[in-house]
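Scroll down for the structure; my scribbles are underneath it.
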Amino acid sequence: MVFFLKSNHYCLEMEIKLLTELIDDALHILKENKYKITKQRKSLLTYLSQYEESYVDVTVVDDYMRNQYPGMSHNTIYRNIKEFKEMGLVEQRMNGERACVKYQCDFSHKHHHHFICTSCSKVVELDSCPLGYFENQLPGYKIEEHKFELHGICDECQEKLVKN
Ligand SMILES: [Zn+2]
Ligand SMILES: [Zn+2]
Ligand SMILES: [Zn+2]
């Protein structure tokens, strides 16, 4: 019984711990790349770390940062996001004309693809890459870039659709 009474509290602690670990990993990578860990970079990372399972518009991130640090320029914010992207701390994609970012799914194996739910925008990491399949169809060609993304409705959204 005690376990059940405490379970909510326990979950919250777990979440906070996981979030701290996420940020620790990122701070470690910043240090390795010889970047100074400024208050701004730390809050930017903390803010972005809540978007591990969905994308957020870069303009929303910019608004948040400008709110927290009114002296910070758009340029600095966009440059920081770009640096995070280059270090593999965040993933970026275009949603039409708008640039969106999300926190990196997995720091250890960088190359992967996503399933994106068109209903709730949840992002699921896919660990296999179809590149090899197409390389076989183009013998002698050099493929320099590829984008692959699956769109559809996630299990939870399908359940909700059935219920309604
Ligand atoms: Zn990812
Ligand atoms: Zn969904
Ligand atoms: Zn791939």
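Placement of Cβ uses the backbone N, Cα and C atoms for every residue, glycine included.
On a predicted model such as this, the values are computed, not experimentally measured, just so you know.
Feature annotations, courtesy of TrEMBL:
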BINDING   His111, His146  Fe cation binding site
BINDING   Cys117, Cys120, Cys154, Cys157  Zn(2+) binding site
- Which residues does Cys120 (Zn(2+) binding site) neighbour through Cβ under 8 Å, counting only same-chain ones at least six apart? Ser54, Cys154, Glu156, Cys157
- Message: Using the Cβ center of Cys117, Cys120, Cys154, Cys157 as the Zn(2+) site position, which other residues in that chain lie within 8 Å, going by their Cβ?
- Response: Thr118, Ser119, Ser121, Lys122, Ile153, Asp155, Glu156, Gln158
- Message: Just to be sure I understand the packing, how many Cβ atoms besides its own are within 10 Å of the Cβ of Cys117 (Zn(2+) binding site)?
- Response: 20
- Note on the structure: Spacing of the two Cα atoms, His111 (Fe cation binding site) and Cys117 (Zn(2+) binding site), in whole angstrom, works out to 20
- Task: Please state whether DSSP places His146 (Fe cation binding site) in a helix, a strand or coil.
- Result: coil
- Message: Please report the Cα separation of Cys117 (Zn(2+) binding site) and His146 (Fe cation binding site) in Å, rounded to an integer.
- Response: 21
- Could you check what DSSP calls Cys157 (Zn(2+) binding site) once collapsed to helix, strand or coil? helix
- Message: According to DSSP, collapsed to three classes, what secondary structure does Cys117 (Zn(2+) binding site) have?
- Response: strand
- Since the record lists His111, His146 as binding-site residues, which of them has the fewest other Cβ atoms within 10 Å of its Cβ? His111
